[in-house]
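As structure tokens, the structure follows; a few thoughts come after it.
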Amino acid sequence: MTARSPTLTFLALLLAVSVIFAFGIGRYPIGTRDLFDFVLAATGLGRMEQDRYDLLSNLILDIRAPRIAAAVLVGASLATAGAAFQAVFRNPLVSPGLLGVLAGAGFGASVGILISGNWVVVQLLAFACAILAVLFALGIANLFGNASLVMLILGGIISGALFSALLTLVKYAADPGDQLPAITYWLMGNLGTARIEQLRWAALPVFAGILIVWMLGRALDAMSMGDDEAHTLGVPVALIRYAVIAVATMVSAISVSMVGIIGWIGLIIPHIARLMIGPMNMRLIPASALLGASFLVGADILARSLSGIEIPIGIVTEIVGIPIFVLVLSRVRRGWT
């Protein structure tokens, strides 16, 4: 066990505490005793009045459990994707949106709202267009015969700009009384739209993707020294790079397609985790996942409790993320460790 290993235990405990608090906080607060009694009654180890049980069941299982599970899933996936992209591109300012994932998902969701409004259609189009945006970025990079890191970044910029323009076109064509507000609200991110059906099919590929990135951690550590050094160590650099990009893109696209665009997590959380756990990706990846999940659960608590109406989660993460990003910039000036 390394000297930094207990930090992972601390982050796991932090996530557990955050989840417990999230179940209790809301427009209708649930005390710790009520939560404990409900768990006992639900598992057959205790008894509770039926009316009280039905009320708590609705609040806990039907309303709060899906959004809390979505916060854990999305926070972990975006933070892991951010750490993976930063390792692959050897750039501390890289985030999951680099290759156009967010712009593509926004365009796909807006088209889904425009033509249908059904959540299945919206989610499928958001996921498909997010993948399409990344493929377009990779195609641009390979168009010049040298898919270097610089060309991948430039391809991502071009792809993001294209799909942002297409999103603007869809918003222009949308009905301002119905469809445009729905598009705008989706783009701001909302955990309240998460459904159990979505989480069931999303959980397995997301956690599998996080596991794959973690298993490639040693190769990413070797690549951090440069492609030539990694080659001398027997690392298939191109294969690992595209594999990590593909997996990180997949988990990001799944997350964004479920709850809308949530920024900053993939940028700032890996930096905080790196300060706590060190730069080695075998520890950094799980630390980023745990911290990202805790961060988004905490942001959701703020979104539900700061005012009488729920604030879109994307707004909360941006407000919290901006000052942290300033600290990140000050650290980048002294070098990335």
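Counting starts with 1 at the first residue shown.
Cβ atoms are placed via backbone N, Cα and C, with glycine included.
For 68-89, 95-117, 124-144, 150-170, 201-220, 240-272, 284-303, 309-329, the entry in TrEMBL reads transmembrane segment.
If you look at the transmembrane segment (150-170), the same-chain residues 6 or more away from its ends with a CB under 8 A from one of its CBs are 89, 91, 97-100, 102-104, 106-107, 110-111, 114, 129, 133-134, 136-141, 144, 183, 245. The transmembrane segment (201-220) makes contact with the transmembrane segment (284-303): 3 or more of their CB pairs lie within 8 A, with pairs spaced 6 or more apart in sequence. Using a Cβ-Cβ cut-off under 8 Å and counting only residues 6 or more beyond its ends in the same chain, the transmembrane segment (284-303) has close neighbours at 7-8, 11-12, 14-15, 18-19, 21-22, 25, 67-68, 71-80, 82-84, 191, 210, 213-214, 217, 262, 265-266, 269-270, 272-274, 276-278, 310-313, 315-317, 320. Within its own chain, the transmembrane segment (95-117) is flanked in space by residues 78, 81-82, 85, 89, 123-134, 136-138, 152-153, 155-156, 159-164, 166-167, 170-171, 173-174, 179, 182-183, 186-187, 245, 248-249, 252-253, 256-257, 260-261, 263-264, 266-267, which lie at least six positions past its ends and keep a Cβ under 8 Å from the stretch.
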